[in-house]
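Right, one structure below, let's go through it.
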Amino acid sequence: MAKPLSLPLYERVSCKGIMIRRTLDVTVFCLLLSLLAYRLRSLSNQGFTWLLAFLCESWFAFLWLLNLSTRWNPVEYKTYPENLLLRSLELPPIDMFVTTADPVLEPPLVTVNTVLSLLAVDYPAEKLACYVSDDGCSPLTFYSLVEASKFAKLWVPFCKKYSIQIRAPFQYFSAKSLPPVDGLSGFELEWKKMKDEYEHLCRKIEDAVHKLTLGPHSTEYAVFKNIERDNHPSIVKVIFENKEDHSSCLPHLVYVSREKRPNHPHHFKAGAMNVLTRVSGVMTNAPFMLNVDCDMFASNPKIILHAVCLLVGVDDEQECAFVQCPQIFYDALKDDPFGNRMTVPFTIFVGGMAGIQGPPYAGTGCFHRRKAIYGLPPNHDFDIKDCKILEERFGKSTEFSESVAEILFGSGEKHFPCDISSITGSACRVANCSYENNTCWGIEVGLTYGSVTEDVLTGLRIHTMGWKSVLLMPSPPAFMGCAPPGGPVSMTQMKRWGTGLLEVLFSKHSPILSAFSTKLHFRQALAYLQIVMWASRSIPQFCYNMLSAYCITTDSQFLPKVHEPFFYIPVSFSLISNLHSLSQYLQYGESIQAWWNHQRMERIHAVSSMLFACLALAIWLLGLQPLARGGDGSGLGEISCSVWVVLNFWPLVRGLFGKGKYGIPLSTLCKSATLALLFVQLSKSSSAIVWRPLEAKRLGGLGSSSFCGVHGLE
Ligand SMILES: O=c1ccn([C@@H]2O[C@H](COP(=O)(O)OP(=O)(O)O[C@H]3O[C@H](CO)[C@@H](O)[C@H](O)[C@H]3O)[C@@H](O)[C@H]2O)c(=O)[nH]1
Ligand SMILES: [Mn+2]
């Protein structure tokens with residue numbers, strides 16, 4: 001038998017079947033290049049549509065090149081928690097963060113389930129602490145957590161005794177689950193009792209939501225009295241404390257509502273996370289921190305053990321600043337009609353990044369190394385034990401500075417003070433909104449401020465310091481969240497992400513700049529570039545979608561004719577690229593329908609939400625106004641493209657004829673009809689404008705983005 005010490009904690013393996021995928025990826029790229037070469041050859045004697053198609057295709061080729069670089073060498077990590085237990089190694093403490101912001105949009109019962117799933121993980125309870133940040137400052141959330149901690153005293157032992165798989169009770173007791181009939185009468189009885197207890201908990205929370213009565217312990221809630229959500233002092237309450245003297249199975253549970261004042265920026269989730277980092281620093285100061293959104297429960301009870309395999313298993317801390325688990329959705333509709341699950345693209349893209357410098361930080365389902373969050377480069381050798389310097393960087397709190405020193409230079413022994421209730425005072429102080437004034441928080445320390453996608457920005461900053469990160473995809477999945485419920489909601493989310501990512505592109509952390517001035521690996525910079533330019537493809541895609549319609553309306557051409565040999569370039573391009581992406585969907589066990597849904601939602605998002613997200617850019621591009629015509633009339637190519645576009649937008653087409661909830665209101669139809677007529681009219685009249693690059697040059701060397709006026713039909 002192998003010695004426990006020699007057993008690996010994890011393995012890094014290349015993905016299977018990569019050669020075929022690489023070959024297809026390269027083929028698609030070559031086809032794009034030949035299409036471009038073909039266009040370039042006849043650019044001078046073709047019209048505006050030709051040029052526009054050329055520009056769009058160049059952009060697609062550029063994006064595909066980025067894609068190619070990212071996907072080149074994907075890796076996977078296999079973790080072996082059983083070996084961790086064999087090594088009789090001291091398990092490190094972990095601080096777990098849950099953020100919630102609004103008791104109406106994020107019902108307390110959802111947060112409660114997330115918290116319960118975390119309290120019940122298979123890990124020594126005395127090594128865990130769970131901190132809930134409530135930006136809604138809601139007594140209801142607090143009350144729900146207090147009640148949940150009472151239920152947890154029954155729930156957690158039950159889960160551990162019977163090795164329950166799903167430890168979020170709402171999923172465990174969901175309609176699909178039947179009472180167990182396996183003859184183990186003890187289990188049956190306990191199961192029924194537990195279900196009753198859970199229903200009792202739900203009722204109490206429901207009652208509190210409707211009647212706003214918060215049970216008999218009203219003195220506990222005095223701090224919430226007459227409180228304003230956006231104007232209140234810090235509240236830190238220890239709901240449950242895991243005391244050393246009594247054998248308790250529950251981790252610490254702490255409620256945190258940071259101070260909020262009008263006129264004081266609170267930096268949304270990034271601000272909440274930074275407060276949690278400090279509060280947990282003075283209270284438990286674990287070297288690793290897990291963060292999840294309130295709607296994401298732990299669905300693999302061994303997830304912390306898996307993550308620890310990587311966090312402590314790496315030879316060099318530099319290899320692992322954070323461990324990111326993918327976002328997986330539990331209530332996803334069949335075949336993903338809104339195309340927002342994005343499992344396949346995520347797996348392939350992030351798997352590719354994992355082979356370079358590591359996955360980006362995704363905001364939830366992530367284990368951080370506290371040291372990396374504190375903004376230090378890996379294996380730093382400078383000494384800043386001086387309290388003054390620490391305070392300038394991390395803020396004026398002796399308790400917190402000590403905890404930072406412990407993390408950066410300490411022996412790693414003194415993590416847990418014996419009595420966390422006694423330090424709520426210092427915890428409140430570090431949760432005050434003025435605490436960050438004149439410090440490095442939000443800039444070099446903690447999560448970075450300045451973008452609504454603070455996660456990408458923060459991950460990027462960590463990578464620029466030379467850290468790597470690790471992708472963890474255990475089975476069963478680590479965490480599960482709920483997908484946005486419908487088209488419009490997911491579009492709003494896409495728009496927000498699109499905007500946030502563009503903010504990163506134009507910030508001083510832009511991957512374009514970082515690629516040359518920091519320790520960001522070059523291919524990692526390209527991958528980030530692809531992420532932050534995610535919304536940018538909307539403009540060429542929008543134009544491309546319109547091209548076929550434009551060409552048919554004006555009887556012009558942007559694709560080669562059937563009888564030309566070049567006709568086979570776009571044909572084989574669209575065949576191969578679509579079959580290639582379809583085969584990937586099938587390979588990951590998804591249906592054809594799911595692939596199709598993703599295809600069309602990607603287009604719908606591209607021309608709606610993402611287009612709005614990058615409207616600044618769009619206006620700049622509008623300089624390229626409708627120009628000219630030339631060449632032959634439209635043909636099979638244009639018509640098939642048109643049909644393809646219509647098929648992609650099928651949900652919207654169906655809406656034209658739908659009634660009630662699924663129909664499009666008459667007023668919207670009228671507006672769209674007007675726009676469409678306008679488009680047809682503009683197309684027709686613009687085809688009367690001639691595009692002559694040579695003449696443009698003569699007119700003043702304005703280059704190709706200017707046009708030279710009306711010329712009449714040729
Ligand atoms: O002022 C705020 C705003 C949000 N949140 C919390 O932040 C999380 C994410 O916010 P949500 O509105 O649900 O945004 P999503 O678009 O669903 O979040 C995705 O995108 C974000 C930005 O990229 C990431 O931070 C998230 O982790 C990721 O799940 C939730 O737990 C919120 O409760 C706060 O704590 N305070
Ligand atoms: Mn969310």
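Any Cβ shown, glycine's included, is placed from N, Cα and C.
In the three-state DSSP assignment, the secondary structure recorded for Asp135 (UDP-alpha-D-glucose binding site) is coil. Sequence annotations record features per position, and here TrEMBL assigns UDP-alpha-D-glucose binding site to Glu106, Asp135.
Annotation comment: TrEMBL describes Asp135 (among others) as active site.
Asp293 (Mn(2+) binding site) carries a strand DSSP state (E or B). The C-beta environment of Asp293 (Mn(2+) binding site), restricted to residues of the same chain at least 6 apart in sequence and closer than 8 Å, consists of Val98, Thr99, Thr114, Gly363, Thr364, Gly481. Among the features that TrEMBL reports, Mn(2+) binding site is placed at Lys269, Asp293.
Around Asp455 (active site), taking its Cβ as the centre, 23 other Cβ atoms fall within 10 Å, counting all chains. Sequence annotations record features per position, and here TrEMBL assigns active site to Asp455 (among others).
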*ligand 2 is in the model; which of the binding-site residues Glu106, Asp135, Lys269 have a C-beta less than 6 angstroms from one of its atoms?*
none
*Here are the binding-site residues: Glu106, Asp135. Which has the lowest count of other Cβ atoms within 10 Å?*
Glu106
*Using Cα coordinates, what distance in whole Å links Asp455 (active site) and Asp135 (UDP-alpha-D-glucose binding site)?*
18
*asked:* Taking DSSP as the reference, which of helix, strand or coil describes Lys269 (Mn(2+) binding site)?
replied: helix
*With H, G and I counted as helix, E and B as strand and the rest as coil, say where DSSP puts Glu106 (UDP-alpha-D-glucose binding site).*
coil
*According to DSSP, folded down to helix, strand and coil, what is Asp455 (active site)?*
helix
